[in-house]
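These notes are about the structure you will find just below.
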Amino acid sequence: MKANKYLIFILGALGGLLYGYDNGVISGALLFIHKDIPLNSTTEGIVVSSMLIGAIVGAGSSGPLADKLGRRRLVMLIAIVFIIGALILAASTNLALLIIGRLIIGLAVGGSMSTVPVYLSEMAPTEYRGSLGSLNQLMITIGILAAYLVNYAFADIEGWRWMLGLAVVPSVILLVGIYFMPESPRWLLENRNEEAARQVMKITYDDSEIDKELKEMKEINAISESTWTVIKSPWLGRILIVGCIFAIFQQFIGINAVIFYSSSIFAKAGLGEAASILGSVGIGTINVLVTIVAIFVVDKIDRKKLLVGGNIGMIASLLIMAILIWTIGIASSAWIIIVCLSLFIVFFGISWGPVLWVMLPELFPMRARGAATGISALVLNIGTLIVSLFFPILSDALSTEWVFLIFAFIGVLAMIFVIKFLPETRGRSLEEIEYELRERTGARTE
């Protein structure tokens, strides 16, 4: 691929950075919000989970919008929504405004989760699709780390408004940057604009590959089914179920319990407020570094092998952490918790973190890719909502180690699911994957 065109993918993936920032920033901001706006454990859970309720709506609506408006224009709209939500949060003076701001941010987060991976996948040449698709996850981890660093920087002045409001900066960069980016060539071809699709492909593809790729795209488009006909068809229904289960397993393994409540977990272990936030910075740094490694291996190692290997590592980390907390006690095991959470992040960041966002768009056909990815993202957000809402409740009711054991058991189920139900997609064009899945499920391809 032409090296100077990576800017397209970096700017396209900025939506992932905003998703990560708004996921990560709340863990530090919660330590100080309650000093200005009274919060108890219930209202704290509502503030955290309200973003996820918005994300469910955003993910569910953005899929059809991405297919109708185009990937690029929808990302521009998402950036505007991010800006509005961040400004409301920064200006919040009561619980209601906090919840409204988080709901609006959630709309943008849900839209970003379903639209950005599709845009990156459809723009990328086959041999680089895994690496470039992983840019979305890398940006998510950079956003989380940026949130932790901002939290630490403003901890001394208890500046939670700055923590929440600074999301405006990358939102404006995304809005301006995506304005100058091209539309997905597959969306252009789907909307009968072959010449524009060819011009875009000249930017990201080698010239020798363009005719072959366009031929495959047109053959798939020749299957005369509308978006909703494809979505309602039995063959896609089976694939959509696989995609949704894949998405919800990523959350039920417990990653966002770590992201949302990392500062609170460290505080419970006996660290001070600033030290708890600094511990989260370390977690975020590891997340970024291991995702960079994933970018270089995701197109060299089969996707399923990465997922299974990551599962084994995450399960081991959770089990060790649970046993040590059980035997030593959470107040006496702060550094053990940091080490175990770090290992958990390493194994997640090399596997389920990037691979989910690479594979989801790969599983679905062109005519329904935006809508089907949106539905999967909606289900993922429901899973995130359940985890974030019930983790502190279960942690108090059952103790933290039992919650980690539950996550480990779910990790075993996730590994079985990957082995039995997920197809391998590495090294194959999106059109080749669609042909195979149609044949495996008995759908016509003529």
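Here the Cβ of each residue, glycine as well, is placed from N, Cα and C on the backbone.
Some features that Swiss-Prot has for this protein:
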type	residues	note
SITE	Asp22	site 'Important for symport activity'
SITE	Ile105	site 'Important for symport activity'
TOPO_DOM	1-6	topological domain 'Cytoplasmic'
TOPO_DOM	32-38	topological domain 'Extracellular'
TOPO_DOM	65-70	topological domain 'Cytoplasmic'
TOPO_DOM	91-94	topological domain 'Extracellular'
TOPO_DOM	123-129	topological domain 'Cytoplasmic'
TOPO_DOM	181-234	topological domain 'Cytoplasmic'
TOPO_DOM	296-303	topological domain 'Cytoplasmic'
TOPO_DOM	325-329	topological domain 'Extracellular'
TOPO_DOM	364-370	topological domain 'Cytoplasmic'
TOPO_DOM	421-446	topological domain 'Cytoplasmic'
TRANSMEM	7-31	transmembrane segment
TRANSMEM	39-64	transmembrane segment
TRANSMEM	71-90	transmembrane segment
TRANSMEM	95-122	transmembrane segment
TRANSMEM	130-152	transmembrane segment
TRANSMEM	155-180	transmembrane segment
TRANSMEM	235-269	transmembrane segment
TRANSMEM	273-295	transmembrane segment
TRANSMEM	304-324	transmembrane segment
TRANSMEM	330-363	transmembrane segment
TRANSMEM	371-399	transmembrane segment
TRANSMEM	402-420	transmembrane segment
Among the recorded stretches 39-64, 95-122, 273-295, 304-324, which has the greatest number of Cβ pairs closer than 8 Å to the transmembrane segment (130-152)? 273-295
By a Cβ-Cβ criterion of under 8 Å, what residues six or more beyond either terminus of the topological domain 'Extracellular' (91-94) are in contact with it? 37, 101, 161, 164-165
So how many of the residues in the topological domain 'Cytoplasmic' (123-129) end up helix, strand or coil by DSSP? 5 helix, 0 strand, 2 coil
C-alpha of Ile105 (site 'Important for symport activity') to C-alpha of Asp22 (site 'Important for symport activity'): distance in Å? 8
Contacting positions for the topological domain 'Cytoplasmic' (296-303) when only residues 6+ beyond its ends and CB under 8 Å are counted: 127-131, 133-134, 350, 354-355, 358-359, 422, 424-427
Is it true that the transmembrane segment (95-122) and the transmembrane segment (7-31) have 3 or more CB pairs under 8 Å, sequence gap of 6 or more? yes
Please determine whether the transmembrane segment (304-324) and the transmembrane segment (402-420) are in contact (criterion: at least three Cβ-Cβ distances under 8 Å, sequence separation 6 or more). yes
For the transmembrane segment (7-31), out of 39-64, 155-180, 273-295, 330-363, 371-399, most C-beta pairs under 8 A are with 155-180
With helix taken as DSSP H, G or I, strand as E or B and everything else coil, how many residues of the topological domain 'Extracellular' (91-94) land in each class? 0 helix, 0 strand, 4 coil
Between the recorded sites Asp22, Ile105, where is the Cβ count within 10 Å the lowest? Asp22
Using a Cβ cut-off under 8 Å, which residues of the same chain at least 6 positions beyond either end of the topological domain 'Extracellular' (325-329) come close to it? 336-337, 399-401, 404
Using DSSP and collapsing to three states, where does Asp22 (site 'Important for symport activity') fall: helix, strand or coil? helix
